[in-house]
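One structure is given here, and the rest of the page talks about it.
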């Protein structure tokens, strides 16, 4: 772990380790995977920390390919103005939130952002509808019928919308998530 | 609220003014829905009247007022809506910064270390309980940020790192914050003098925690990779749903219980006896295939049964009076008291099994039943059920699984909404009563049949000894297990037929009722058999080894049970599928979860009953379970279909574990206690042959201890006054009951508080809707008048 050109410097590694939930080995592995997505000429350390990778390339990763929320994940973690590319630090952020050591509060915060398809800060009926369609599958025949969808969304709002305004905000979402013991174990992506 | 004239509001003119809370991304691009609408609205200035559509009326609460959709509000209202704290906290950087500023201040005031998990939930930034330096005016983001940096500087390094790590901001932001708070750090070094010790300790603790944590996670991920049957279970749950999966998970639990038993019995009892085999006075018979079924013959005088075990101390030094003629030189002279080891190992393994069962029961109760209102199962299924680790191959199975689950949930909700009339309920009650009477009657009838058959076999055993060959005699021992297994196979089908007459409201209840009836049948038969063994067989086999006989009986029952399960699975389901294919019906057989689970519980009860008499029985049960897993899975995949009536299996695991604990384990423990405390061991074999009861071995040992060292009298005192005296047990039970009552009252109180809080929150929500609607009407009036 010296300061050779193909590795991250020790100080940087320590800083990343203290600010994220990843271990040093995981950070190095993430750097390697990120560099593999870059074009050949920008695979050295300085460039890899500067250059951004487009969303299409990130989506070729096998860990993300099968995920129905993959576009939302990339959009949420991207800090570019058009939100269509990830830098290395965004990439680290992604895997930090999805790692084993992340707290349930962080995970539920980002889960909320991922499920908020229109980015308005709450989950309304449209968001929930899109969410359920993502979960049930791509094809026409795998989706729920209109009446089932309507019934399901009503049930969800009845159970989670405590202030009865027709939308689920972050506090209500976190309250619902806290009652499920499975959330932290399922909201994980490992490199 | 009729004083609208004094309602002064800084209404923003023009299309969009930059909101004070900058989000991580440019708001005008992100909020497409609002942005577009704001543009449209501001283009149609005065001419059009807005169409006011009613939001679909909700069932409960809300009343006449409700929040309308975004297209019905004017741009200014939309602006205000978009900036409400409950919405900004989910998306805006400024809101996150101010929230963490609050937390940091609170932390500094308390002057305590942050617990890693003890951060408060997202409080609204507008609710600031502290004093006036924390203000109510909206501030620019830069100002908020600098306040946060100042607060961060007041914390120790570990606290700062934890705080930064837990913030839901991007990594770049966090690095900037950290750099800024580090710059000023140097100036504060001279304040740190008195705190250096604390600083070192916190650093050490931090390193220890990190090291432990990485070790633990490494171990967990290693274990996760090793998890047995993970792919099989995923396949099953994807195709058949969670109800069938619960059977296989229960099988896995039983495997772990048997491994627990074996891990104690093998090293302490079996291995030692194998290392020091007793001199055998019996001729070794040849191995015929029949031993595998009857457990007798070649297997009788092996380490498998109680009769083989020695009743003296093994590996004693040569100075002892016994066996002085052959005293082979041994490397290590470590005396091992066999009877004591036998008694204590069995006692301790049962105790540990009991504790594990009660613990897993309470844990699954804790997961499935919670304080407060509905569990929110729809919301939890939708938000939490997608496993993000899934790869391409299994993704479609996950989609199927989740879809099935959602449909199941919706179907159950539908069923709750159509209750019956009084007449229908009365009719249902009478049918129910009739069916219950019939099933209990048949259980009783089967019990009597088994009892009379066992008496018949017992009477004729002595008569027939001289007349037929030994082999046939051995085979006739299999008759009783055969009858019991046939009854266990046939009667549940009868119960299924009876159950089709009654129509329950929920499929879950049907399953519970079926389980109950089958359980009563099996427990009655087992109870009868135990009575038969402890009563008749002990008395008639006085001079022989009755314990070995009981061990063999249990082995035979287990073998028969396994054979019948195989037959039922392979032929029953296969034949049914062929028949339905021939008849061109589209109904494959369904997997009957209740019946199969009870078979598993029955097998485990037999193991626990027989552990005292045959220490290797858990090993046989383990092998049986491993075979069963693969056989059941193969048959399931080939022959069965997913259950037609979709129903939830969320409480099933709790029920299964409870059934395993209460009738099954408790019954076995009672039987064992009776055998240890009251029954006289046989004189000719086994580790307790010279004693009056098995329990006496412990008493004898204590007496030896007392004689050896008089300072151990407190031990006998404990034994005399606490174990044998019943007053102590009454006292402990009374204290336990008081604690339970107290906890029940606490839970009741918590439920009431939760209801009150929920009411309060929904009242606040109504207030909010009222205010927004008022705001909207105000803007409308203003738009029409100006």
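Each residue, glycine too, has its Cβ placed from N, Cα and C.
According to TrEMBL, the feature domain 'TMC' maps to B:545-650. The region 'Disordered' annotation in TrEMBL covers B:1-27. Among the features that TrEMBL reports, transmembrane segment is placed at B:247-276, B:340-359, B:431-454, B:475-495, B:511-533, B:606-631, B:652-677, B:727-744.
Between the transmembrane segment (B:652-677) and the listed ranges B:247-276, B:475-495, B:727-744, the one holding the most Cβ pairs under 8 Å is B:247-276. Same-chain residues lying 6+ beyond the ends of the transmembrane segment (B:511-533) with a Cβ under 8 Å from its Cβ atoms: 439-440, 442-444, 446-447, 450-451, 454, 484, 487-488, 491-492, 495-496, 499, 504, 550, 553, 593-595, 597-598, 601-602, 605-606, 609, 647, 655, 659, 663, 667, 671. Per-residue confidence over the domain 'TMC' (B:545-650) averages out at a pLDDT of 83.
Taking every recorded stretch in B:340-359, B:431-454, B:475-495, B:727-744 and counting its Cβ pairs under 8 Å to the transmembrane segment (B:247-276), the highest total belongs to B:340-359.
Helix, strand and coil content of the domain 'TMC' (B:545-650), in residues and according to DSSP, is 78 helix, 2 strand, 26 coil.
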